[in-house]
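Record features (Swiss-Prot):
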type	residues	note
SIGNAL	1-23	signal peptide
DOMAIN	214-261	domain 'EGF-like 4'
MOD_RES	S425	phosphoserine
REGION	482-525	region 'GPS'
TRANSMEM	534-554	transmembrane segment
TOPO_DOM	555-562	topological domain 'Cytoplasmic'
TRANSMEM	563-583	transmembrane segment
TRANSMEM	603-623	transmembrane segment
TOPO_DOM	624-637	topological domain 'Cytoplasmic'
TRANSMEM	638-658	transmembrane segment
TRANSMEM	680-700	transmembrane segment
TOPO_DOM	701-723	topological domain 'Cytoplasmic'
TRANSMEM	724-744	transmembrane segment
TRANSMEM	753-773	transmembrane segment
TOPO_DOM	774-818	topological domain 'Cytoplasmic'
MOD_RES	S798	phosphoserine
MOD_RES	S814	phosphoserine
MOD_RES	S816	phosphoserine
Amino acid sequence: MRGVRCPGLLVVCILLSLSGAGTQKAESKNCAKWCPINSKCVSNRSCVCKPGFSSEKELITNPAESCEDINECLLPGFSCGDFAMCKNSEGSYTCVCNLGYKLLSGAESFVNESENTCQASVNTGTTPVPSRIHTVTTAPGNLPEQTTTVHQTQMGDSEERTPKDVNECISGQNHCHQSTHCINKLGGYSCICRQGWKPVPGSPNGPVSTVCEDVDECSSGQHQCHNSTVCKNTVGSYKCHCRPGWKPTSGSLRGPDTICQEPPFPTWTLLPTAHSQTLLRFSVEVQNLLRDFNPATVNYTIQKLIEAVDKLLEDPMETQTQQVAAQLLSNLEQSLRTLAQFLPKGPFTYTSPSNTELSLMVKEQDNKDVTTVHHGQTWMELDWAVTAGAKISENGSSVAGILSSPNMEKLLGNTPLNLEQRRASLEDFYGSPIPSVSLKLLSNINSVFLTNTNTEKLASNVTFKFDFTSVESIEPRHELICAFWKAHNGNGYWDTDGCSMNGTGFCHCNHLTSFAILMAQYHVQDPRLELITKVGLLLSLICLLLCILTFLLVKPIQSSRTMVHLHLCICLFLGSIIFLVGVENEGGEVGLRCRLVAMMLHFCFLAAFCWMALEGVELYFLVVRVFQGQGLSTWQRCLIGYGVPLLIVAISMAVVKMDGYGHATYCWLDFRKQGFLWSFSGPVAFIIFCNAAIFVITVWKLTKKFSEINPNMKKLRKARVLTITAIAQLLVLGCTWGFGLFLFNPHSTWLSYIFTLLNCLQGLFLYVMLCLLNKKVREEYWKWACMVTGSKYTEFNSSTTGTGTSQTRALRSSESGM
């Protein structure tokens, strides 16, 4: 039977041991690493004292607390019994028999009065009778308890009495002051000061009249605290605390062997590719400020740090705004988080001269209340437990802060919005693709930080309310959103993941970073307008190519005017190709490719306008000043046609660097840059105005010339010629582009369609007016057709009537070809 039962019992024992080991392993994973000495963990955030020790609170939630030994001998109602005394030890106690007594069992000690069997070990010939058995303790103090018990035997009446010393310290017959320690001696007693105490001035140390007072080891220099700690006196002793904001490195907390280190401040280094003198001065100023930091002037340091940031943001940032913002916000939050540890508990607010607002709240980590942090621009409500997280500070406090700067928009105002999480639902709602979105900041950018640095997923939501520009009505394709700035690979973008906004303007988020209220304008793609644009541009490119070939190959029409027409068509042709191929910014990020496309479009379209202006100048010299010279030379025309737009692009780059080129939606000019709109609209408006004036003068002069050439011309034919000429000049001189200056409302569908049709078909209009309506061009086309088909070429006799011939000859001098 033993052979059968033993294996089963062995298996059960093994399983039980493994189960216990697994439980201990699971518990160890959830244990707090910071539990103080003489305590054990009960969770990953709390500890309890071991038996025999106690703390101020039942649960220990930060390492600043400690477990002190319980002196069981002083507990009310405690007694070891007759002929015994209590001896306290660290975490426990024992009861031992008085001198001359021993336990019947022969043991050295016991713990309960019920176990007391103390009996006299010396045979005196009499039966000892207990008399005046007293157990007393020392006066209040931090020294271990000392207890002395005296037993006086009383002989029978017939026996001689043997006198024994009376322990006045135990019997209560002493008159020592409560601040002293009673020491019994043969025939008397002394009253002396304990360790950490001293006689008051004028008092002796020993007599009954001795009165003691606590020794302030901290002020007297008798302490052994490390110079990295601060000595704090206690009754009869002292403790060594870390300086505010400093962290312990080794040793027991608040003990003489505690050593602390200064909190590390972030290194405000420049970006490797940044060469801004403003950034360099800012970095040096902040490094010097933090290097010379004095905890006594923490308020001054915080104010100077905020003012330095304001000074940096007031100057326009040339390049790498998102990279600078990522580094600036990270270092600023870390610095403020560290500086806040030196502040006293409670609220702290500061408003700089540039209206940058900082609000800090410093409270105990074990506070469970819902706390509000606010200033003039922002209001935040959060469960205070999330401020510390798993990070425990030595001083037992944590911080929550909000920083709002109106100038932060200069760095993050052009940051794109990430639509990946919501694109499908938005496209389903609008029924069309949404290639991009435009943003407008309605509130200040608010940077929120806590002592807890792991804020990607909080245990409870944080509620915000921002003071932002009120919106009476939200236009179509617009949405009011609560977004946060997310750093990514040195740059960043706006996102809404984890945040929601209700109708009352409150924003709820389960993570923390920098927040703002944005107005998002979704660019919903119009399939019909996109089709018109692509088909129109393809047709325009074909016609512009035919114009270029015609002006190069048809010899009879080559002149100064056809040279202007040639360069005009070349600029429009190149601009249309670049626009068709690269204008859409599918990725949403403004990179080098998008900026180069925007720059080339800027140059090509400005060059087209300049050649349109030269067309007007040619008409002016041709019609108005026909007898006063031949006009501009070829090199002068090229200098104006290509030099002026190149100069405008160069000036634009010098003013805004590359930031003005490229947009999250299209690779075109970013008109949100202050004044950058006029780098294109200014020259366009000026050229259109000048060409319109030239157009009026030209028509007026042509009317007079037609009357002088043929006074008897019929009014109908005269009106027809003037109408054709007017239409040609209107199209060539770019009035279709001028129509776009009046397209103030981008959501006006019919205006968008008209503008798109006029500009996409401009190549077709130019080909019809400059080539097909020109008789010499038609004759050349007919010759080429006959050469291809092998037919014999004949003159167009049907169109050479008398009036038509005279009209053709009259216009030939002007090379109009019509």
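Cβ from N, Cα, C; glycine included.
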Contact check, the transmembrane segment (534-554) vs the transmembrane segment (753-773), 3+ Cβ pairs under 8 Å, seq sep 6+:
yes
Taking contact to mean 3 or more CB pairs closer than 8 A (sequence separation of 6 or more), are the transmembrane segment (603-623) and the transmembrane segment (753-773) in contact?
no
Number of Cβ atoms other than its own within 10 Å, given for S425 (phosphoserine):
9
Mean pLDDT across the topological domain 'Cytoplasmic' (555-562), rounded to an integer, is what?
82
Assigned conformation of S425 (phosphoserine) - DSSP reduced to three states:
helix
